[in-house]
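Per TrEMBL, the feature compositional bias 'Polar residues' maps to 361-371. Positions annotated as compositional bias 'Basic and acidic residues' by TrEMBL: 389-401. Under the heading domain 'G-protein coupled receptors family 2 profile 2', TrEMBL lists 24-313. Taken from TrEMBL, the feature region 'Disordered' covers 361-411. Residues or ranges marked as transmembrane segment by TrEMBL: 28-49, 69-90, 120-142, 154-177, 197-223, 244-269, 289-315.
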Amino acid sequence: MASPRLETFCCPNRDPATEFITGFQPQLFSGICSCSAALSLAFTGLQLLPKHRPFRHGPPHKPASSLRILFIISVCDLLACAGMVVRSSVWLGFPDLISRISAGNSTDVWPQVFCVGGAMWIQLFFSASFWWTFCYAVDVFLVVKRSAGISTIVLYHMITWGLTLLLCVEGLAMLYYPSISSCENGLQHAIPHYVTTYAPMLLVLLVNPVLFTRTVSAVTSLLKGQQGIYTENERRLGSEIKIRFFKIMLVFVICWLPNIINESLLFYLEMQDDVKAGDLKNVRNAALITWFIMGILNPMQGFLNTLAFHGWTGLNVDFSRQRRRELPWDSASTSLAGGYTPVAGSTLLYQSHVQEIKKNLSTNGQQQPSDAISVLSEDSESSTVEIHISSEQREFEDVKPNRASLEISSG
């Protein structure tokens, strides 16, 4: 799991609160973490594998940048879970490793190197997952505001990996000053590490709901502005968008809120003269409960995220060669073209599908749209949100009602 206490644990002269929480049933805790991470690793990998889907006609198209962002989030979760499995397995297989870290033997540095390396690996990829989740909210908002371009995905890479590496290295450097085997005592030298750990997490918790809310409002305003009406179809679609964003935030809150509660309790214990005082029994019990909850829920973020992004993709894995170059999953799409018709399967609405909708409209005796205001073109890499607003041709003074087609993917 991602907790700054695990990095602090690598110091031989760790603080009493860290000693208390990490010293309680370490074998049981490592076993829980290992099992939870292994399950998440297996099911997340299963979700990402290519599945059998109905064949789509038309030329291949590049996936939208938000689809790539969701895929990167899942990869970061996978790598973090892999680190948790390795670290917990080693701690279970070599229980004397912990005692060798606590002894502070300067001649045997490998236990501390493994401790710091494993903790940094897990922290790095979970922090990257936080930053990418924030970038996803920014991306869908910018797309609706028509401010995103093809180059934004490159900017997201620079921001996420740059900030992740910078904050992790800076926090660990302050924590392990002047050396791993001789960390400074007290809270002051550890505070920068705790800040760099929880800053991206709090950013997602506080800012993403605002961005998601404004995105939904912008989509609603766009539909009203172009059609002049807000029918039941648009209401249902807006409600589905809200539910998708709500699921993403719900998973994040469930998986990471215990970390904030646990850290608050441990900071309170750390400020006391004696963490084992009788009047602090309830605080210690609450800290232990949230500690074990963290060990279960933190690694499960990967699998729960894939469910929030795409739903259950099934067990019908497709290993055929022609599927290998495609993304393992595309996002579910919803289109409005004279009615609310969810597209069968979990597919991204590419240009070929848009053309098929237009063909169907023509077959039904309706004129093909004469103009389209698109937040993104079908070939753009900028987003999962694509809005096509079309109007029928106007003849002389007869103005016919506009028709709208809004395509939004869950990824």
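Even glycines carry a Cβ here, placed using N, Cα and C.
Because TrEMBL annotations are produced automatically, they should be read as predictions rather than curated entries.
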Closest-packing stretch to the transmembrane segment (120-142), where packing means Cβ pairs under 8 Å, from 154-177, 197-223, 289-315:
197-223
Is the transmembrane segment (244-269) close to the transmembrane segment (69-90), in the sense of at least 3 CB pairs under 8 angstroms with a sequence gap of 6 or more?
no
Grab the pLDDT values for the domain 'G-protein coupled receptors family 2 profile 2' (24-313) and give me their mean, rounded.
86
